[in-house]
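As given in TrEMBL:
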- 48-69: transmembrane segment (TRANSMEM)
- 75-96: transmembrane segment (TRANSMEM)
- 148-177: transmembrane segment (TRANSMEM)
- 198-218: transmembrane segment (TRANSMEM)
- 238-258: transmembrane segment (TRANSMEM)
Amino acid sequence: MVLKALATFGRQGIETCASFGRAGLMLFHALVGKPAFRRHTPLLIKQLYSVGVLSLLIIVVSGLFIGMVLGLQGYLVLTTYGAETSLGMLVALSLLRELGPVVTALLFAGRAGSALTAEIGLMKATEQLSSMEMMAVDPLRRVVSPRFWAGFISMPLLTLIFTAVGIAGGALVGVSWKGIDPGFFWSAMQNAVDFRTDVVNCLIKSAVFAITVTWIALFNGYDAIPTSEGISRATTRTVVHASLAVLGLDFVLTALMFGN
């Protein structure tokens, strides 16, 4: 019984290590080598629309309501201490440092990441990737690379949009509903936000999350079992693994950026 459990544990460990190796090789072969950006620019633009533009609705709506909730809860807490004029600082720093990059990455994983996995998994199941190889077309460069760069470019932009809409939602609640003077709201935000410490670190976090989420999504699709059940499991793995990776990396990056 013990030997069987050890054998199962060892086999799963080996499979996990092999999976990491395949993921690293896929990323290396897709991104390193003879550049083909000029030839694949139309594919990149198409993927930017697919993973970026089509994600705008959920990003804008989520950002607005999260900002409004943050503004309302922040106002209730700050009023207890007579510091409601600092609401702009609370909303802006919360969104820039944490909520903006993290929530955008989670929404991106659920909307665009799952779509990327399902799309590539379906291409594998219908032998489109094998057909490309038979025609001497590298599927990693033609299929994986444009999607990777589209995710890498889109997520930081979506994060900025999410953060801006969230701040507007917080201002809507604080200024229009609760009656905070708009000058106090915006001046508190302006005095508290530092471009290098807050905005740049927000973009760095978002870029790291973009690489992680897109990489996980593409690998799960490329490595999926070419059946309907296999694609379904790969899509589920993408959302779960990407969400856990984002939350874990968020702690590491926050400790490195703001731990001192």
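Every residue gets a Cβ built from N, Cα and C, even glycine.
Note: the stretches the transmembrane segment (198-218) and the transmembrane segment (48-69) are not in contact (fewer than 3 CB pairs below 8 A, sequence gap of 6 or more). Looking at which of 75-96, 148-177, 238-258 has the most CB pairs under 8 Å to the transmembrane segment (48-69), the answer is the stretch 148-177. A Cβ distance under 8 Å defines the sequence-distant neighbours of the transmembrane segment (75-96), meaning residues of its chain 6+ beyond its ends; these are 66-67, 162-163, 166-167, 170-171, 173-174, 178, 180-181, 184-193, 198-199, 202. Counting only same-chain residues 6+ beyond the ends of the transmembrane segment (238-258), those with a CB under 8 A from a CB of the stretch are 97-98, 101-102, 105-106, 109-110, 113-114, 116-117, 197, 201, 204-205, 208-209, 212-213, 216-217, 220-221.
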